[in-house]
Amino acid sequence: MVFRKPPDGGWGWVIVLVSFFAQFLCYGSPLAVGVLYLEWLDAFGEGKGKTAWVGSLANGIGLLASPVCSICVSSFGARPVAIFSGFMVAGGLMMSSFAPNIYFLYVSYGIVVGLGCGLLYTATVTITCQYFDKRRGLALGLISTGSSVGLFIYAALQRELIELYGLDGCLLIVGALSLNILACGSLMRPLESSGPPPPEKTCVDKVPDQYFVFHEKGKTVEENISILEKGYIDEKCVNNVPDCKQDSILNKNVLSSINVNEKDTYKKKVVEQTNFCKQLAKRKWQLYLTYWKETMVLFKNKVFSALFVAILLFDIGGFPPSLLMEDVARSANINEDDYYMPLISIIGIMTTVGKLVLGILADFKWVNTLYLYVTTLLMTGVALFAIPFAKSYLTLAMLSGILGFLTGNWSIFPYVTTKTVGIEKLTHAYGILMFFAGLGNSLGPPIVGWFYDWTQEYDTAFYFSGFCVLLGGFLLLLAALPCWNACTNQSSKLPPNTYSYKVASSA
């Protein structure tokens, strides 16, 4: 299907608005899961590593399943998928309020809510890309801030709801709020196609279909012939009166041939369908072989190989603070009266600022986006090393703000990928990198939690996290230094805003 030219406005701004609120409602609770993490620790009495799996699954499973989410949006459309994702997120949150143990939460909150978030993200980005071309970067930047604003608000909201209604009541209310995703999804009107409507079948082509329809109803061959004769002759007489008699004779001959060779026709159709299935399977197998060949070619690129290691290590080490920072403050015996704002809320609002500032910097021609990304990785590693030395709310709040700002480097990651592999291989490469990012999101918090279970303190855990991020940054820097110019010359010279987000619809 060929869509008409993106309007770059009009109803597209409604799409941006509802996509913003949809991501706000969907990602608010999973990103601010650190508040719920404390309650689950007290409610189920499990280890920190085992409990951290809930939040890590909710944030990582959507990236891991991004290929499946893309197939769903391509097959059913953005609006049905967005509405279905609303049911998944709301249902998963409400089911979690009845969780008897931590294993139930793995499914209800981790998998169900996580898949719902992945489906909604793909749907919102896809339909936004359909409505915008010249302003696509601006539109996608606006909707992406919905998740960060959701983190900022939901951190305080969930804490307040827990104090008023308890953990179960909080999850029920948050789940009910997520039902508003259905209203947002219903407004995601698909862009109309510009291609001509498919041609209707001719009367002769309709004869076999009509014959089998009547045959399935159990009528005799004579009844089928008489009905078909009448319907076919009437239709041709209306459209072309002079040819009515001639078509009637032709129709009788066709029907007689069908009656005599019915079994041969059936066998022929079976053979044709069997050959079609074989050809389809062969074609799919060739596509899989081509995919893996292209993947191997990507990994021959030194910078891409280092980039995949860097994104994996960054998410293993950089994601846990957004989940565990509240527990870090509690472990440091910080008085709750000193809390002016939840630490997770600080991370959320500074992530929004970081996305905007880093995105603007990446638009300057004199800024090398790869080196800018490496700088954010190295600074994140240093900030993680500093967490064990923070013993007050003020220092933890400052580090939370720094980490939140640096986490906004997600906005420039598509730029870096494009500069590394070129615009032609962007979709393929970005899908691979997002899979490893989801893997890092899923593994990071449990690993940090297990370090605490073994050592009964967070110092070693965050030293490990900082080491992972620094290692990824240094590997990427070393890989980029000798071959950055070659990669730049081979890559496309299109302005960043025109290509950096095109792959988002398939992630």
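Just so it is clear, glycine is given a Cβ too, placed from its N, Cα and C backbone atoms.
The transmembrane segment feature in TrEMBL is assigned to 12-40, 52-73, 80-98, 104-125, 137-156, 162-183, 303-319, 339-358, 370-390, 396-417, 429-452, 464-484. The domain 'Major facilitator superfamily (MFS) profile' annotation in TrEMBL covers 15-484.
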Beyond the flanks of the transmembrane segment (162-183) by 6 or more, those residues with Cβ under 8 Å of it: 21-22, 25-26, 28-29, 35-36, 39-40, 43, 82-83, 85-87, 89-94, 96-98, 120, 154
Top stretch by Cβ pairs under 8 Å to the transmembrane segment (104-125) (candidates 137-156, 370-390, 396-417, 429-452) is 137-156
State, in range form, which of 80-98, 137-156, 370-390, 464-484 has the highest count of Cβ pairs under 8 Å to the transmembrane segment (303-319). 464-484
Below 8 angstroms Cβ to Cβ, which residues of this chain, lying six or more residues outside the transmembrane segment (396-417), approach it? 141, 144, 307, 311, 318, 321-322, 325, 328-329, 332, 334, 340-341, 343-344, 346-359, 361-362, 369-370, 372-373, 376-377, 379-380, 383-384, 386-387, 390, 426, 429-430, 433, 496, 500-501, 503-504
May I ask whether the transmembrane segment (429-452) has at least three C-beta pairs under 8 Å with the transmembrane segment (12-40), counting pairs 6 or more apart in sequence? no
Predicted model, mean pLDDT over the domain 'Major facilitator superfamily (MFS) profile' (15-484): 79
For the transmembrane segment (464-484), give me same-chain residues lying six or more residues beyond its boundaries with a C-beta closer than 8 angstroms to one of its C-beta atoms, as numbers and ranges. 302-303, 305-307, 309-314, 316-318, 320-321, 368, 370-371, 373-374, 377-378, 380-385, 444, 447-448, 451
